[in-house]
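Copied over from TrEMBL, here are the features:
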ACT_SITE  H608  active site, proton donor
BINDING   H608, N609, S610, T611, H612, D649, D779, Q831  AMP binding site
BINDING   H612, H648, D649, D779  Zn(2+) 1 binding site
BINDING   D649  Zn(2+) 2 binding site
COMPBIAS  415-429  compositional bias 'Polar residues'
DOMAIN    264-328  domain 'PAS'
DOMAIN    532-873  domain 'PDEase'
REGION    55-107  region 'Disordered'
REGION    376-429  region 'Disordered'
Amino acid sequence: MGCAPSIHVSHSGVIYCRDSEESNSPHQTTTISQGTTTLHGLFVKTDAADSIPSVLAYQSRQPPPSSGPRRKERRESGGASARSRTPHCCSVEAETRTSSSSAKASAAEVQVGPMRLTQYPIQVLLIFAKEDNQSNGFWWACDRAGYRCNVAWTLESALDCFLDKHQEIIVIDHRNSKYFDAEDICRSIRATELSEHTVILAVVPRTSADQEETSVLPLLDAGFDRQFMENSSVTACYNELVQIEHGEVRSQFKLRACNAVFTALDHCQEAVEITSEDHVIQYVNPAFEWMMGYCKGELIGKELTELPKSDKNSADLLDNINTFIKKGKEWQGVCYARRKSGDSIQQHVKITPVVGQGGKIRHFVSLKRLHCTNENNKQLYKSHREDKYTGDNSQSESGSYKCKNRRKDSVDVKSITSQSSDAPSLQTRRYSSMARIHSMTIEAPITKVINIINAAQENSPITVAEALDRVLEILRTTELYSPQLGTKDEDPHTSDLVGGLMNDGLRRLSGNEYVFSKNMNLSHTHLPVPNTINDVPPCIAQLLDNEESWDFNIFELEAVTNKRPLVYLGLKVFARFGVSEFLNCTEATLRAWLQVIEANYHSSNSYHNSTHAADVLHATAFFLGKERVKGSLDHLDEVAALIAATIHDVDHPGRTNSFLCNAGSELAVLYNDTAVLESHHTALAFQLTTKDSKYNIFKNIDRNRYRTLRQAIIDMVLATEMTKHFEHVNKFVNSINKPMASEETSPYSEGSNTECTANIKNFPDNQTLIKRMMIKCADVANPCRPLELCIEWAGRISEEYFAQTDEEKRQGLPVVMPVFDRNTCSIPKSQISFIDYFITDMFDAWDAFAHLPVLMQHLANNYKHWKTLDDLKCKSLRLPSENNN
């Protein structure tokens, strides 16, 4: 290997790299055009106008012989992102390797009292006007010590580098003011907040023997901490840096750790006061300000004797306390203090002497909390309780702290009973009733949760107690999983889509009457009779050979089966999962059942027809084939999922639940405007199944298995109702995704799928969540299908919504989704809203469990397609060029 290459910058800003051994050979010179280029590990900004004046290109060189094997070249410290951010700062970062092991310096453990801290490798910034032996000496000293080193040549580049890296040690060349003013650079760095804990070293010229040594005071006034007499020896530079590390840097590191202690004190529930040995107040925390009613500025620097004293203490109490603590002993007890308002409060006080400089007691730390038997103390708590319930957000007397009561607030009767009546007798009865309620032994799970939180508040810090109060407020609401529509839903497409899909209740018109229509009476006295099917034709069988693929084209199956894809796909899928064997029924019975179910889907619906049912069945079967899903569910769960997918939209009228409720349909009246269609789908499916033994697939299974299977099917179909969408997704994330993620990242977990799915099988509730999530994803998987299928489904659902809007206008019903007007609707925008609001989070959660990279890739591609159309203000399904083709 030859000598290290050298880097040269021409006046035009062009960089040349030449190997030293071959410097006489012109053809070996490499020219790099202007721009940002990587060259032999050195990042160079080649914009001549910006970088050349402030940064001198560094020539690679051999280290001194004493430094061992050759080091790597220097690299610009900031990387590409830093270079683009600070074009005037071209700093150089050394490899943190020793000459013997080439290993980077490791973090060191530092003890500060009881705190154990980790100190990471030191960073050093060298600020020199030009490269010389002194800068090289410090460079290789950093390399030997394992420090990260940066070099800057101008004030601007030095400041940029320091603000980016926050170096612990800065070495500034103070030998010659010809190039820059070292003291100005030091003052500029000291003007930043980040420099508080930085040690700045001035390199001063060596004085001759006949010269008097100059005073160090001007350097200290400028902000320097030390001076270093010019000495280019690597060992001398190394010794200086190591001494700084173990001296000033280590001390500054410990001081910085105090920020964590002060943060803890600021959030401490107990009042904390620190005084000097002469009882001058040095520190009080916010809890102390609140308790005593003072601002911090009114207390710091005052002697305790200057503050008003309570006359309720015994005459000799303070003398006794002073006598005790002056001997270095801890004192604790109950005494009185006077607040700024003049009220006397009773406190539990603990005073601890702290030894400081000279081995003498230099501080007294007092911890104080209210003793609640005192009447003024109770009044203090009461005022905060009233502030809390009246919504008073004003500052306390201290102006900087507000404390809320904890346990008593959270179980206050006012928070769970009506506050509208002031009748004393009624209030008395309420308290009596609440007492009886709390004495009951019957507890709902949510009640147990609230009681656990209440108990946890007893010994919690104030900030935690306040957060738990907020948790209790949320838990007492009824809509725990419904998101609050906010900024993300300002778009009318999203608002209408969410309102139409997630609102089960009636929509009011301009008056106070609800509109009822007899046109929506759905009668099932004349059910369609299915046609018989014998053998599967070859063309259909050939299509079904690909049914296990996610990219299976359901529309081709729809075409070749004359809009009866459900029977054919159902037979294939049910056979693959052994449904007939599980149900102990013949294939003929299963075929007849599939026929009667498909016959009760409305082929006139553009979207909610048997093709959609077949598509959901296909997606469900695909999910059941994934390893983690398969391992988490039993055979009964698989059969229930396939049957639920098959029946989940049977007899769908092509209208939403909100439409049926607004129209006063028989179904809405029957099911009390709650999950109308989903309840109807399951009820009708079981009616059809048990009506005739020819297609009763359940007739041969025992009663217990039938009840379990029936309940699982009902639960899954009801889960497709969109008003509970976020509840199901959030429960899945919190009960399945998060525990799995914790288990996989745990150092004690082997991370095997088998172990994970075995744990899920031990909890039936988790299996229920998986089945719900699976059918929900299968039901709305259209955005995750290949683009052509996604576009077709988008057109079909839009047409169905258009038809509903048309009918709502004809009948004078409230228009549930006004944006779905066929004359004005932007289909791309509606698809974007649907994906953003419903699809992305749900499929992220499902993918994290089932691992579905193909689906997620389709989703990303399809979303990009819709965004492109929307950006072009195109309301159709395809680009004009695609339509022409």
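Every residue, even glycine, has its Cβ placed from backbone N, Cα and C.
Those TrEMBL annotations? Automatic predictions, nothing curated.
The Cα of H608 (active site, proton donor) lies closest to that of D649, out of the binding-site residues H648, D649, D779, Q831. Remark: Q831 (AMP binding site) has P783, A794, N862, W866 as non-local neighbours, by Cβ distance under 8 Å and separation of at least 6 in sequence. When the neighbouring Cβ atoms lying within 10 Å are counted for each of the recorded positions (H608, H612, H648), the highest count belongs to H648. Comment: AMP site residues H608, N609, S610, T611, H612, D649, D779, Q831; largest CA to CA distance 22 Å, whole number.
Reported as a whole number, the C-alpha separation between H612 (AMP binding site) and H648 (Zn(2+) 1 binding site) equals 10 Å. Taken together, the residues of the domain 'PAS' (264-328) have an average pLDDT of 87. Using a 10 Å radius centred on the Cβ of N609 (AMP binding site) and all shown protein chains, the other Cβ atoms total 23. Apart from H612, H648, D649, D779, the Zn(2+) 1 site neighbourhood in this chain, defined by C-beta within 8 angstroms of the site C-beta centre, holds H608, A613, V616, A645, H652, T720.
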